[in-house]
């Protein structure tokens with residue numbers, strides 16, 4: 001147990017708590033009817049900087065902050081190249097969803113992605129399929145993130161796994177329940193700043209410890225020349241495979257529910273413009289630094305077998321302990337912010353999309369408030385119990401969750417915005433085809449044609465959306481006219 | 001009044017559509033730059049690599065310079081072509 005590291009981490013957690021409590025004041029002050037907007041969306045008042053930071057914290061899930069540098073350590077520069085596809089995420093998501101999504105979300109009074117789909121397609125089945133896939137996949141993704149967070153605390157403090165998980169769970173739950181979306185967005189901002197500074201400091205210290213970039217390159221080339229090529233240590237990273245990550249972590253992120261909810265939360269188009277610039281610069285900077293750290297760590301600390309340990313070990317090797325604590329707060333921050341936003345999305349799917357839509361539409365405001373806090377707390381406890389002894393299925397589901405959600409939602413969202421002829425049958429079949437083909441490709445034809453598993457299902461769900469929408473055109477003329485009325489109406 | 005509002009909205013969507021197309025164009029440009037430098041320069045055997053600031057040239061141009069170019073392009077595009085529009089349909093709905 002390293003006292004200085006633990007103290008820095010603790011200070012970080014305390015700061016997070018203070019922000020949660022502070023932003024809960026804005027919840028108390030809101031009028032009754034806008035509680036849902038405030039709790040799940042921060043009252044649509046995010047400015048440019050906070051929007052950019054919360055977007056970045058959401059893209060950079062634990063997998064990239066802990067796992068990414070670990071893979072870069074193993075594969076070399078090829079993996080840093082791959083990670084740079086995320087630069088596109090910084091501008092692509094906000095430009096594509098852009099103003100139209102924000103305007104339509106406001107018009108439908110949408111607080112979640114599902115509200116938006118409901119407003120656009122007017123179909124119970126679209127809503128229920130969407131809610132089902134969000135609850136299942138994000139719940140699994142979340143549980144696996146908790147495992148990661150607890151393991152990080154465990155490795156830093158020497159506490160046992162259960163205690164570490166408990167500390168992690170309590171700190172996450174307290175401020176999500178108290179503060180809602182605004183607290184999550186604010187803490188994302190603190191965490192984004194920590195990641196930005198932390199990766200820069202760590203990169204510089206790593207280069208210094210390795211005796212300069214030239215020296216590190218010479219060591220890498222001497223060990224295995226493949227490490228400095230774009231093809232990975234074993235030469236197994238083909239251009240096709242690496243390029244298909246542009247879909248998985250680059251452009252298809254547009255369909256993830258936790259990302260779209262942010263694209264309806266900003267205050268004005270000016271905030272969006274600022275977020276575009278800040279987001280692109282910061283996400284590229286963090287990705288580049290973080291993965292370079294992984295590669296550069298190799299000559300300094302050779303022979304690390306578990307990839308997830310690269311970041312903690314290199315930080316403690318090249319930095320003074322107190323600084324290592326602050327820098328390691330960065331991956332901790334990444335995990336926490338991902339978990340927080342997932343928790344909010346899942347509880348909004350339960351409370352708003354299922355309960356309020358189909359079980360009790362006339363629930364009173366007090367009831368909705370109680371439900372929101374209650375469901376969030378219960379979900380937290382359920383995840384805690386699952387994470388105590390994670391079932392194998394869970395790990396699989398987590399790996400699966402992001403691609404699955406992308407294949408489900410990307411076309412109903414994007415074509416829903418930009419293709420007027422898209423209708424509920426198209427959306428429903430696109431979701432079903434996306435999910436089903438993703439399961440089939442993942443199970444039976446992994447890396448078909450050398451592509452990542454997510455690519456084909458996204459193409460198939462596009463085809464399904466277009467064909468079914470066109471075939472059912474005559475069925476829905478009536479309802480699409482209604483739709484037009486809503487679009488045109490004020 | 002009603003008519004005025006309608007044409008104002010059509011304009012907002014026209015702007016949004018154009019900006020989405022710009023986003024798509026940027027992503028395609030980004031991908032081509034990234035791919036061409038990475039596999040164009042990095043495709044040879046490592047002994048023949050040249051190095052810029054200590055980094056392999058293919059990586060320096062595709063990922064470091066590519067990132068800087070994209071950041072500058074995004075700044076220029078947003079400042080020059082992106083238009084500020086109101087997001088709410090009616091003011092005073094909720095402030």
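Placed from the backbone N, Cα and C atoms, the Cβ positions cover glycine too.
Taken from TrEMBL, the feature transmembrane segment covers A:6-25 (among others).
If you look up TrEMBL, you'll see A:46-66 (among others) marked as transmembrane segment.
Summarising the annotation, TrEMBL assigns transmembrane segment to A:78-97 (among others).
The transmembrane segment annotation in TrEMBL covers A:125-147 (among others). Residues 61-62, 113-114, 117-118, 165, 168-169, 172, 257-258, 335, 338-339, 342-343, 345-346, 349-350, 353-354, 357-358, 379, 382-384, 386-387, 390, 394-395, 397-398, 400-402, 404-405, 408-409, 412, 424, 427-428, 431-432, 435 of the same chain, all 6+ positions outside the transmembrane segment (A:125-147), place their C-beta atoms under 8 angstroms from a C-beta of that stretch.
Positions annotated as transmembrane segment by TrEMBL: A:159-181 (among others).
Under the heading transmembrane segment, TrEMBL lists A:193-218 (among others).
Per TrEMBL, transmembrane segment is recorded for A:238-256 (among others). The list of residues near the transmembrane segment (A:238-256) in space but at least 6 beyond its ends in sequence, with Cβ under 8 angstroms from a Cβ of it, reads 58-59, 64, 78, 81-83, 85-86, 88-89, 92-93, 96-97, 230-231, 402-403, 405-411, 413-414, 447, 449-452, 454-455, 458.
Marked as transmembrane segment by TrEMBL: A:276-301 (among others).
Annotated transmembrane segment per TrEMBL: A:321-351 (among others), in sequence order.
For A:371-389 (among others), the entry in TrEMBL reads transmembrane segment. Tertiary proximity for the transmembrane segment (A:371-389) is limited to same-chain residues at least six positions away from its ends with a CB under 8 Å from its CB atoms, namely 35-36, 39-40, 139, 142-143, 146-147, 150, 162, 165-166, 169, 172-173, 176-177, 343-344, 346-347, 350-351, 355, 363.
Sequence annotations record features per position, and here TrEMBL assigns transmembrane segment to A:425-445 (among others). Sequence-remote contacts of a segment are chain residues at least 6 beyond its ends whose Cβ falls under 8 Å from one of its Cβ atoms, and for the transmembrane segment (A:425-445) they are 117, 120-121, 123, 125-126, 129-130, 133, 400, 403-404, 407-412, 415-416, 453-454, 456-458, 460-472, 475-476.
Away from its own ends, the transmembrane segment (A:451-471) comes close to residues 240-241, 244-245, 247-248, 252, 403, 406-408, 410-412, 415, 419, 421-423, 425-427, 429-435, 437-438, 441-442 of its chain (Cβ-Cβ under 8 Å, at least six residues beyond either end). Per TrEMBL, the feature transmembrane segment maps to A:451-471 (among others).
If you look at the transmembrane segment (A:276-301) against the transmembrane segment (A:78-97), you find at least three C-beta pairs under 8 angstroms, all six or more positions apart, and that counts as contact. Long-range contacts of the transmembrane segment (A:78-97) within the same chain, counting only residues at least 6 positions beyond its ends with a Cβ under 8 Å from a Cβ of the stretch, are 55-56, 59-60, 64, 68, 71-72, 229-233, 237, 242, 245-246, 249-251, 253-254, 259-260, 263, 272, 275-276, 279-284, 287-288, 290-292, 294-295, 413-414, 417.
Long-range contacts of the transmembrane segment (A:159-181) within its own chain (CB-CB distance under 8 A, at least 6 residues past either end) are made by residues 13, 16-17, 19-21, 23-24, 27, 38-42, 146-147, 149-151, 153, 187, 261, 265, 336, 339-340, 343-344, 373, 376-377, 380, 383-384, 387-388.
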